[in-house]
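Written out below as C-alpha cells is the structure these notes cover.
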Amino acid sequence: MSDIPLLAGFGAALLLVCEFLALAGMGDLKRMLFWSTLAEAGWVVLGVGLGTAIGETGAWMHLALQVVMRALVVLAAMEIVRANRSSRLSDLVGSVDRAPFASLMFGFGLFSVMGLSPFKGSFSKFVVLYAAIETGHWELAVVGTIASIVAAVYSITTIQRVCFERMSHGILADRPIPFFAIRPGQWPLVALALATIALSLDPEPVLALAGRLAGLGEGGVPQFETAWAPEVLVPYVGGFVLFAFGRFSARLRDAGAVALALATLGLVIAGARSGDLGSLFAVLFAAIGLMVTIYSVRYMAHSHAQNRYWFFLFLMLGSLIGVATVEHLGSFYLFWELMTWTSYLLVVHEQTPAALAAGRKYFLTCAGGAYVMHFGILLLHAHLGTFEVSEIAARAGDLPASVAVVVVATFLVGFIAKAGLFPLHGWLPDAHPAAPSSISGPMSGILTKAGIFGILKLLFVVFGAATLSRMGSAGGLSLPGIALIGLGGATFLLGEIAALRQDDLKRLLAYSTLAQIGEIAMMIGIGTEAALAGGLMHVVVHAAMKTLLFFAAGALIMRAGGRRLSDLAGLGRAMPFTSACFGIGLLAIMGVPPFGGFVAKFLMIWAAVGAGRIDVAAVILAGSVIGAIYYARVLRVVFFGVRRREAVAEAPLSMRLALGVLAAFVVGVGLWPAPLLDQVALIAGALTDQAGSAALPALRLDWSLAAAIALGGSVIVYLAGRGAPRRAGVLAALVVAAALAGVILEADRYDPASFAFALLISGVGVVNLVFSIGYMAHGHAQNRFFALFVAMIGGLLGAVAARDLFGFFAFWEIMSSWTLYLVIIHEESEDALREGTKYFVFNFAGASLLFLGVAILAVGAGTLDFAELPEATAAMDPAWLAAAMGLIFIGLLAKAAQLPLRIDWQMHPAPAPTPVSGYISAVLLKVGPWGILHFAVLLGGAAAMARLAAFLPWWMPAPLTMVGTVAAITMLVAGAQALVQTGIKRLLIWSTVSQLAYVLLGLAIATDIGVAGGLFHFFNHMLLKNTLFLAAGCIMAQGHVTSLDELGGLGRRMPMTFACFLIAGLSLAGIPPLAGFASKWLIYRAAFESGHWAFALAALMSSLFTLAAVLKFAHAAFMGPASPKAERMHEAPAVMLVPMALLVAVSLVVGALPGLALVPIARIEAALGLPAIVATWAGGLPGAGGWNPLVLTILLGMSGAVAALYPLLSGSRKVATRVHACGVGDIAPARMRVPASGLYETPERLIRTALLSAPETDEHSHA
C-alpha cells in the first residue's frame, strides 16, 4: 500500500467505512442517507487522489451526477418521512400507499445512484475504477467493488421497504401508483427526475466537461458504450410505448405487446448469422420472449400493476438480446446490469413478503457477481486498451498469466451467479416460485442461459483454448474447465436431490433447473466440440421444456389456487390440453423419446464418454434416475390423483396457444433434430476452431414401416376412439395388423432373428388386442388404453428394426418407459399407481445402464451403425469392449427380470389389465434375450467372447458363463417362488421370470443345440405364457378376484378356458409331446453335452417347480366344488376365447411338428454366423437321441378322441357322486375343498425358509 497516493487511499477508506456505516445504520433512513452521501464523496476523493486526468474526470463527473441524483433521493425521502412522521425504516412500510409519487421518485433516484434505471444509468464510478486499475492500484479498485456491493445491500433493502412493501398484501386490491397526480410542491422532484433521465441517457456532455476540468485530452476516456442495434432498441423503446398505451387501453396494450414481440423476433432472425453463438442465443431469447408475451396476455389479465409488468418485461427482453448480440464489453456490461435490474423488478412483481425476500436475494447475488465481473472488464481494458471482443480475442495471448487468471475468475463469478451454479445458486429456488409463472418460465428458460452464454463467450470466444491452457491444466482440461465440471456436478446433484424432497411444484421445477444447468456446465467444462454441441443443444431444448413446464404449472396453479402437489391432484382430467402439454414437458425433461430432451441427453452422454469422462456420463445418468422419481410423482399426482375440490375450467386460449407451440417444438426437435443439430455443430466447431474435426453422430430416428404405422396409428386410435370404446379396440387391432403387414413388406430390412421376432411382436399383439375388446368392455378410458398399448408395440417394433444404436435405444425407451408405465397404471388404483411408478423407475435405472453401455460402445467403435459394428469392434480396446458389453448385458438382463439385477422382494403381480400383463410377460420381456443374442453377434460373436475371456481376470468366468449362471440361479429361485404363490397373477409372473431364464440359459450355452433350444423356448413361452395370462384374464374380468383361494370349480363353468389353461400349463412344464417339452429337451441336452451339468440339473428341477405351480393353479381354480365367487362366473365370450384357442392350436401343431419352428431357427443360426442345427419341416428333434413327437401326438389324440366320444356313443348318463368322507356326513362341501394356500404346505415352508421369503398378505401390483 506504500505506493498508493495518500489522498486516494483516504478516499478509498472513506468510501468503504461510510458504506459499512450506511449498512449498519439503514434502520434509520436519515442516517443511511447521510453515510451513503458521505461515501459518494469518497468516490470523488478517490478519483482526484489518483492524480491522473482520467481519475479526476471520473471524480468530477461523479460529483455532478450525484448532486442531481442525491438531491432527488433526499427531497423524496424528506416527503416520505413527513408523510410517515418517522425516519425509521420499519415505520416506512406502506409509504407507497401514503406517498406514492414520492416513493416512486425515491426508488428511481436511489436506483439511479446505483447506476441502474430504465434510461441506462451512469458510469462515473466505472471511470474512477478504471483509473485505479490503469495506474496499477488494483487494491483501490477492489475496495471500490466491495463498497458497491455493500451499497447494493442497503439500497435494495431500503427500496423494498419504502417502495414495494405494503401494509396489506392483498395483491388484487393494490392500487396502481397515480404517476401523473402531481402536487405543485412536487415539481422539484419532477425537475430533478427529468435531469436524472437526461444525464443517464446522454452522459457525454457531463463527461466532456469533467474531462476539460481535469485537463483530459481527446480519447483519454475509454468508450464505455456503443450504439444500440435495432433488435435491442425496438423492444426496449417499445416497453415505454406499451406503458403509455396501458394508461388508456389494456386491450391496445396487449395487442401491441404481441405485435412488438413478433417484430422483435423478426428483427433478430433477420440479423442472425448461421453458426454464430450470439445469434443462436438472441433467437432463443426472442422466441421465448414471444411465448411469454402470448401467455401473459391472459395470465396477467387480473393481476395488479399490469403496465409495470409489460414495461419491465420488454426492457428485460431488449437487454437479453443486447447481451447476446453486442460485441463490446462496455455495452455488454450495461445490458447485463439492465437485465438483472429489470428481471429483479419482475421477480418482485407480486410484492408478497416471499417475492420481496427472493427478489432481494436474486438481486444481490447477481448484482454482486456483476460488480466483480466489472472489475475484470476494466482490468482487461487497462492491459489491452479495448473493449472490442474481436480485438481482445486476437490479443488475449499477450496478457500476463496472472492477469488472465484474475480476469477469467472475475468473469466466471458474474456468469456463475446468473446461471445459478453452486455455490451462487441460492437465489434460484426462491426466485422462481416467488415470481409470476409467466416470469418463472423465462427465468429458468433464458435468464439462467444468459450466464451460460457468458461462460461460453468468455472461455471460447474471448480467450480460447490456447490462452486458457496457460493458466494450468490437468487431465487434458484447463483449470476453468475442471472448475466447471466440479461446480456443474455439484449443482446437478444438489438440484436433483433437493427437487426430490419438494412438495411445492414451482420449487421442485426450480431445483430441477439447477440440475439441468449443472449438466450444461459440465459439458462446457469438458470443452470438446461434441460436448459443446451437446451443451448447446440442451440449452435450446431446456429453454423450451422448462418454459413449457412453468407455464403449464402456472395454469394449473391458477385454477387450483395452490402450488402444492396435493392442490393439483387430478387436474389432468379437468384441464386435458394444459395437462397434456405439461406431460410432454415432464417426459421431455426426463430425457425419454421421442422428445427433444432425449436427443440432447444422448448427445451429452456420447460427448462425455468420447472425451474420456465416463464419470461425468455416469453422474448425469444417476441424477436422471433421481429426476425420474420426482417427475413420475408429479405425473402421477396431476393426472391420476383424486380431485377433491370443485370443477375447474381449462386455461384461457392465449395461455394454451403458448403451451401448444412450446410442446410442438419439444416434440418436433425429438422427431426431427437435424436442423438444430446442424446449427449447434457449426457453432461448436467455431468455438473450438475444430469445425468438423469430430463430426456429430447422425441422431435421427430411422423409422421402420411397422413402427411408423403402429406409433402413428396409436394417435388415430386415441382420437377416433373417444366415446367409442369398441371402435378403439377394433382400430387398435387393425393398426397392429397393418404393422404386421409392414414387417412383411420390409422383410429385407431385418436379419432373420429380428424378422421372426417382429412377426411375433405384431402377431401376438393383434391376438391380445382382440382379446382386450372383450376384457375391457366395461373399462374406462378405453381409447387411452388401446392407444398406449399400440404405442408400446410400436416402440418394440422400432427397437427390433433399428439399424443403429441411437434408433435402438430410442425405441427401447419408447417401449419401456412412458408407454409401458401409462398402460400399467391404467386402472388408476392406489396399488397400480404405486407399483407402476416403481416399475417405471426400475426400468429407467436399467435403461440408464444400457445407455452408458451403448455410449461406450459407440465411442469405442467410432460408429453407431449396426452394419459397421462387427468390423469396428474387432479393433476395439478390450477394456472398452468389456465395459460396453457388460453394461449392455446388465441392462438387457434387467429387462429380462434376471437375478440379481432385479429387486425381487418388490416384485408383485401386475396392476395392468391382464392382456397387457400377458403381453409384457410373453413378448415385451423377450426383448432382453433377443437383445443379448443380437448384441453378442454384433460385437463379434464367438471371437469377441474369446477376446473378452482372455482379457478378464483369471477369477472371472467368461461373459456367457456368467449369463448362464445368472439364468440357472434365477430359474430355480423364481420357479420355487411361483410354487408358493397364491395370487393369480403373482404365480404367473414368477413363472415368467423362471421361463425367461430357460431362454437365456440356452443362448448362453452357445452351442447349436443350446441356441436352438433357447430360441424354440423363446417362441413357445410367448404362446404358452400369453395363454395362461389370457385364461386368468377370463376369470378376473368377471369380478375382483386376485387370489386362487377365492376360486374353485370353474372347470365345469368355463371348460374352454380350463382346457386352454391346462394344455398351455402342462406344455410350459415340459410334459411330452407338447411343444414346451421339445424346447426344454434341447436345453437339457445342450447343457449335458457341453459339460454344464449344474445348469442341466437346475433346468430339470425348475421344470418340476413349474409343473407343481401349474397343477396348483388348475386344482385351486378349476377343480373341486365351486367357491361363492365362482358360482357367479361363466364362460368368457367368443372375442376372448378365440384368441386363446388360436394360441393353443399353434402350440399343439408346433408340438407335433417341431420342424415348423426348428427350420426357421436353423436359418436364423446360420444367418447369425452360428453353428446351425439340422432340421426338416416334418422331422423330429435334431441330433443323436432326437425323437419325433408326431407319432405320440397322433396316438394321444386318438385316445383322447375315443375317450371323448365313448360317453356319447355308449349312451351313458353323467352320475354325480358324493365325496367319500369315511362315513362323516355333516361336512360342508366348501370345507372339503383344499385351497391353494393349503397345498404343498411342507415344501412351501422349506422354500420360504431357504429364500427368506415372507408369506403373502395381499395382492399388489406388477413389477
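From the backbone N, Cα and C atoms, a Cβ is placed for every residue, glycine too.
According to TrEMBL, the feature transmembrane segment maps to residues 474-496, out of the candidate ranges 336-358, 474-496, 1026-1048. Counting C-beta pairs under 8 angstroms (sequence separation of 6 or more), the transmembrane segment (255-272) fails to reach the transmembrane segment (362-382), with fewer than 3 such pairs. In this chain, the domain 'NADH-Ubiquinone oxidoreductase (complex I) chain 5 N-terminal' (749-786) lies close to the domain 'NADH:quinone oxidoreductase/Mrp antiporter transmembrane' (802-1106): three or more C-beta pairs between them fall below 8 angstroms, excluding pairs fewer than 6 positions apart. Nonlocal intrachain contacts for the transmembrane segment (227-248), taken as residues 6+ away from its ends with a CB within less than 8 angstroms of a stretch CB, comprise 118, 256-257, 260-261, 263-264, 267-268, 271, 282, 286, 289, 306-308, 310-315, 317-319, 321-322, 325-326, 331, 335. Residues 587, 590, 592-594, 598, 602, 632, 636, 640, 701, 707, 711, 779, 781, 784-785, 788-789, 791-792, 794-799, 801-802, 833, 835-837, 839-840, 843-844, 847, 850-851, 854, 866, 895, 910-913, 916, 920, 924, 927, 1261-1262 of the same chain lie 6 or more positions beyond the ends of the transmembrane segment (808-827) yet place their CB under 8 Å from a CB of it. Taking every recorded stretch in 33-54, 446-468, 570-592, 1166-1184 and counting its Cβ pairs under 8 Å to the transmembrane segment (140-159), the highest total belongs to 33-54.
Counting only same-chain residues 6+ beyond the ends of the transmembrane segment (33-54), those with a CB under 8 A from a CB of the stretch are 5-16, 18-19, 21-22, 25, 60, 62-63, 66, 70, 73-74, 77, 113, 124-125, 127-128, 130-132, 134-135, 137, 140, 144, 147, 151, 154-155, 211, 214-217, 220-221.
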